[in-house]
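See below for the structure under consideration.
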Amino acid sequence: MNTSTSTTWASKKPGRSPGERLVEAILFATSLVSVLTTAAVIVVLFSETFQFFLRVPLTEFLFAPEWTPLFAEPRYGIGALLAGTFLFTAIGLVIAIPLGLLTAAYLAEYAPHEQSIRVKGIMELLEGVPTVVFGYFALLFLTPILQNLIPGLNLFNPISAGLVLGFAILPYISNVASDAMMAVPRSLREAAYALGATKFEVVTKVVFPAAVSGIVAAIILATSRAVGETMIAAIAAGQRPILTLDPRETIATMTSYIVQAATGDQPAGSLASRALFSVGATLFLLTLGFNILAQRIVERYRERYE
Amino acid sequence: MQRGLIQDSSQNPQKQQRDRINRVFARAVVVPTVIALALIAVLLLDTLYDTVSVQVVEVTETSGKSFALGQALTADQVIRLELAAQGKSEQEIAAFMSDPDEMRIFRLRNRVELMWATQDGPLRWVVSSLDDTRIKNLSLIEGLRQWNELKQSLNENQQLRLNPWLDYSFLTRDPSRNPISAGLRVALFGTIWLLTMTLLISIPIGVGTAIYLEEYAPKNRLTRFIEVNLRNLAGVPSIVFGLLGLAVFVRGMQLGPTLMAAALTMALLIMPTISIAAREALRSVPDSMRLAAYALGATKWQMISKVVLPATIPGVATGVILAAARAIGEAAPLLMVGAAAYVAFIPRGPLSEYTVLPVQIYLWISANLSEFANTAAAGIVVLLLTLGGLYALAFWVRRKYRVEW
């Protein structure tokens, strides 16, 4: 042994040798890919949208009653697409919120361990169904049935699309909401039982209010998913942007319009193509806003109980 | 006589009411799960049901004959019988069948298939041609109910048959504007190509990000920013990734509607999922393992690559399989980056045009022809079976290689 031993050892200290530093640099670079992706999304969407607004006034975008970029006299009213998105999402939430919250209550308060694993498995199954399959089911199974029940229902309509959407987003509500309910301290429940409350009263008057911020976050998260859901809307809700709140009409959501526009042929740089990106930017801002809001709420509520 | 302080609550009507609500609610919480399960079951059964239809077709001279299973066992034997029925001699048949070009053309123009039922009886070989015109395409129940009437009304050029859309030849046929000859071959190859390329790009980036964040990243604002960004990226709608791919890969890098552009888009889409799974796997490795490696004189990278990473393989593999399952079912972003175009050939390389299973299914659903609903259903069954296989694999990996610390 000679003196070089100590220098070898020193060079092997974590993060010191050139090789070690290279590895760290490479790993750091990979972690920047996600940041670059976000940056690219923002640059792409907003540069095209900026170009769009150089040609189309903001008032037209916000207040025009129609969205018809490919017509001879094009109109660019995002309201028509927002109305369609709203109908589709609202019908989905009407299904998903009660079913999701009941499932969350079952998972958090009622189900024995092995039963809750099974229920979670079913929810995972629901989450794993490709949305194009849900779309097929809505259009070819549900719509004919609903057309017999609801007079005047169009072949493409937000009702059957929204009903199926409700099941597609149900797992998001049940997962996040049951986590929130489980995080409620046991002592609160025990206190309520000691006062003679029934289990129903404990769940609805103690656990539910205590977990309400997490539950709200779950609903917001599911809303974000619903707004961004594409294939169910494109297949079953339709691709005809009109400003209506009649759920029997064929409508277009922001996402289904994007699909329709992209499967048609629009040269890069044309106003119609820029309009497509302005819809994308609106969709991105809306879902990002929902996601950040949900995260904020979850974080604040974690501080309270941990 | 006055009652004691503690009343018998079962006599109290208010308490009875509360108990009743309590019991009803305890039942009600199970209802959504039952509904969800029923929905999945109905969805599966309906799809399977739609893979079969009853058809009446107007046949051409060269098609429409049916042969009993006893007469022929393979498609080649059926072709031989068909040629004989056309009045060809033994020699002509032998010459025809040994000529690969003739056979290829015959197979392109005709479809030889074992049908479940025809007007001649059950399980018959049927030769159908692209030139056949279909008069009716009825659902199974509707068709069976009208079977006898339909059979009565046939003229000599018409054929009645129960057509199973999902069979082996469906997987091997090329796409077609004619549903009778449309198949999944191109979409299957496209899916395999796209998935492989996507994973090759996204696994190194996703796992690299996870290793950096878990093992190297200092606790500072940049790290926090990367973490928040990763979480937000996972919540961005997939169609927005499609717009990104359209602007950057298809137009900006001028890759066009190719596999490469699609794979880059999909890789960015599933990268957060892989990364989040890998971080969880890394976190589950106890620090004692890391310290033990250091104590043996390992450098940081030796510790990570030789001790920590091998222990995370099951967790990472499960995450990757689940991300792959998501990628396989995803249609929206691919419609943006060019999978919508009609593609007649299997991909030859990363710069080929392509189509994939869910996009093919979407195109069939959008096609305004009732028989494409049948091919779409058959495609969905194939897609769901593939996904089922992947989920089973993930479950098996998780179970078999689970490490208990």
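Using N, Cα and C of the backbone, Cβ positions are placed for all residues, glycine too.
Curation does not apply to TrEMBL; its annotations are automatic.
Segment annotation: TrEMBL labels transmembrane segment over residues B:303-325 (candidates B:303-325, B:326-348). Below 8 angstroms of C-beta separation, residues 195, 198-199, 202-203, 206-207, 211, 215, 270, 273-274, 276-278, 280-282, 284-285, 289-290, 292-294, 387, 390-391, 393-394, 397-398, 400-403 of the same chain, each at least six residues beyond the ends of the transmembrane segment (B:303-325), sit close to that stretch. Note on the transmembrane segment (B:186-213): residues 171, 174-175, 223, 226-227, 230, 259-260, 262-264, 266-268, 270-276, 278-279, 281-282, 304, 309, 316, 320, 323-324, 327-328, 334, 339, 343-347, 350, 352, 354-357, 359-360, 379, 382, 386 of its chain, located 6 or more positions outside it, place their CB under 8 angstroms from a CB of the stretch. Listed as Cβ neighbours of the transmembrane segment (B:259-282) (distance under 8 Å, sequence separation of 6 or more from its ends, same chain) are residues 190, 193-194, 197-198, 201-203, 205-207, 209-211, 213-215, 230-231, 233-234, 238, 241-242, 244-245, 249-250, 253, 308, 312, 314-316, 318-320, 322-324, 326-327, 330, 333-334, 336-339, 347, 349-354.
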